[in-house]
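These notes are about the structure you will find just below.
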Amino acid sequence: MDKENKMDILNNQIFLLLLITLIGMTIGKINIKNFSLDSSAIIFVGLFFGHFGYTLPKTFQTLGLVLFIYSIGLQAGPGFFFSLRQRGLKLSLGTVAIIGIGFLTTLATTYLFHFSAGTSAGIFTGALTSTPGLAVAVEIAGGQNAPAAYGVTYFFGIVGVIVFIQIIPKILNITVKDEEQALNKERDKTHKPLHFMHLELTNLNLVDRQVKHLNLKSISPVIITRLLRKNGTEPILVGGQTILQAGDHLRITGTKDDLEMMQMYLGTPVDQDIEFERVLSGEYITVSNKDICGMSLKQLNCHEVFNVQLSRISRNGIELPAGPNLRLHMGDTIHAVGSKQSLENIKKIFGNSIKDSYNFNILPIFTGLFLGFILGKIPLYIPFSGIFYLGTTGGVLIAGLFLSNIYKTGPLIWAIPSNANSFIREMGLVLFMATIGTQTGTSILATLRHEGLQLSLAGILVTTVPLISSVFICKHLLKLPFLSMLGVITGAMTSTPGLATMAKISKTPYATSSYATVYPVALISMIIYTKLLIFIVERFF
């Protein structure tokens, strides 16, 4: 193949897309001391090819943008609304405030260096390492300024968080082990560890009464899980309809104080442990039956109907208690306890097919995209500013957020399995990053020659000012524990390398759980702040 033919093949758009993706993904996998570019390497490879005149069509960019943002909405939906309630509210406020500091710092650098709206948005999203924010910037501001600025400032965002996480314990004179022990003690106060004990029923006033009529919760929040009849050989799973008999051996779960109180109410402890596992067994069952997806455990009433007790549910790697109001999702893994025959019966209801749990219907995805597109075209009036449109990104994002939270409408299951969502997100990201890289590459050197120093300085400021401010916000205003503060900071910066660094500092789940709580809020906040940034710069700067 001569040189001319080699150049001709680079003009083939499919070949160019595949080549940029392969090189970019390969470079992105290179990890040096927790630093890696991941999928963002694609945009840098695209810049290289774009500089030499090889570009991809904008239709690739638009398609990738829509797929990527919609998948973000589907992923973040349930977690986003959950984070706005209870414990997550304080963490979410910290996240919004940290990103807000980055937003204000970007406005200051824009005023100082006279950046355009696109460049300003690129600095903001690059310094805070937000690809969804960049996607919004490209759609609204257009042109090549945003991706070029993103490419320059992204490096500072990645390195800045890693260095900050490593040095902040020393600056604040924090001993991580002491912080872990303090949080463990606090956890034990609010969430006392559960124990179990075995009692023989000696209170004759409770004989021949159903468990649901004992009003146990009004006395002490314990649960009678299983019993063994006097002289019996087979254990029984206890439910509300179970009738107690004199001499029953009961297995009760609760805190130590609650269990001691139950001794006065129910009976005397049994010294010899009762071997309940002789007949009963536990299995993990996969939800793959779409007909029960969206139903609550209370609706299924597994204990009364199938004589099976559900203890916990694993969803996307997270363990959830099997509460009565918990709704089942496709792909959930349920830990169930019962007899072999009962477990076989309930498997037929849940499906228990890993292969089927990976299946998904393409119709809800395109329906959601269509609804999002329509939503983005609806004119909204903002006082003193005129007509405002959500745009394609805003429309599909809101559609994804709400539809995934609804989960199911009739036969349509809006949420999709995590593996399918990851595929759609990565495919959209590849199309978007590769295209925007090649489009920007044609003018990247001119941008660097003209504004390279200003962009670098702005990137450093927009990364470091929010990080430094985060200590005051989280530690002094919100009174967050140190490890929770680390989770909020890395979550607000949407920094996966920062998360890896944080995990090395502390093996406990406190920091990572805070990260998981605020991450959906950070994704949505970055998109909203980016829209607002462009709006302000275009009209007032």
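Backbone N, Cα and C define each Cβ position, glycine as well.
If you look up Swiss-Prot, you'll see 183-260 marked as domain 'RCK C-terminal 1', on the strength of sequence analysis.
Annotation source Swiss-Prot lists domain 'RCK C-terminal 2' at 268-352, citing sequence analysis.
If one looks beyond the transmembrane segment (10-32) by at least 6 residues along the same chain, the residues whose Cβ comes under 8 Å of a Cβ in the stretch are 38-46, 49, 54, 56-57, 60, 430-431, 433-434, 437-438. The annotation transmembrane segment is assigned in Swiss-Prot to 10-32 (among others) on the grounds of sequence analysis.
Swiss-Prot lists 39-57 (among others) with the feature transmembrane segment, giving sequence analysis as the kind of evidence.
The transmembrane segment annotation in Swiss-Prot covers 62-84 (among others).
According to Swiss-Prot, the transmembrane segment annotation covers 91-113 (among others).
Beyond the ends of the transmembrane segment (146-168), by six or more residues, the same chain brings 34-35, 37, 40, 43-44, 47, 115, 118-123, 125-129, 134, 137-138, 174, 436-437, 439-440, 443-444, 447-448, 452, 455-456, 458-460, 462-464, 467, 471, 486, 489-490, 493, 495, 497-498, 501-502, 505 to within a C-beta distance below 8 angstroms of the stretch. Sequence annotations record features per position, and here Swiss-Prot assigns transmembrane segment to 146-168 (among others).
Feature annotation from Swiss-Prot assigns transmembrane segment to 357-375 (among others); the stated evidence is sequence analysis.
Residues 62, 65-66, 69-78, 80-81, 135-136, 139-140, 293-294, 327, 329, 364, 368-369, 371-379, 413-415, 524, 527, 531, 535, 539 of the same chain lie 6+ residues outside the transmembrane segment (385-407) yet bring a C-beta within less than 8 angstroms of a C-beta in it. Under the heading transmembrane segment, Swiss-Prot lists 385-407 (among others).
Per Swiss-Prot, the feature transmembrane segment maps to 428-447 (among others); the stated evidence is sequence analysis.
The list of residues near the transmembrane segment (452-474) in space but at least 6 beyond its ends in sequence, with Cβ under 8 angstroms from a Cβ of it, reads 94, 97-99, 101-102, 105-106, 108-109, 113, 115, 119, 123-124, 126-128, 149, 152-153, 155-157, 160-161, 164, 168, 172, 480, 484-485, 488-489, 492-493. According to Swiss-Prot, the feature transmembrane segment maps to 452-474 (among others).
Residues or ranges marked as transmembrane segment by Swiss-Prot: 481-500 (among others).
The feature transmembrane segment is assigned by Swiss-Prot to 515-537 (among others).
Of the ranges 39-57, 428-447, 515-537, the one with the most Cβ pairs under 8 Å to the transmembrane segment (91-113) is 515-537. Counted with DSSP, the domain 'RCK C-terminal 2' (268-352) comes out as 23 helix, 29 strand, 33 coil.
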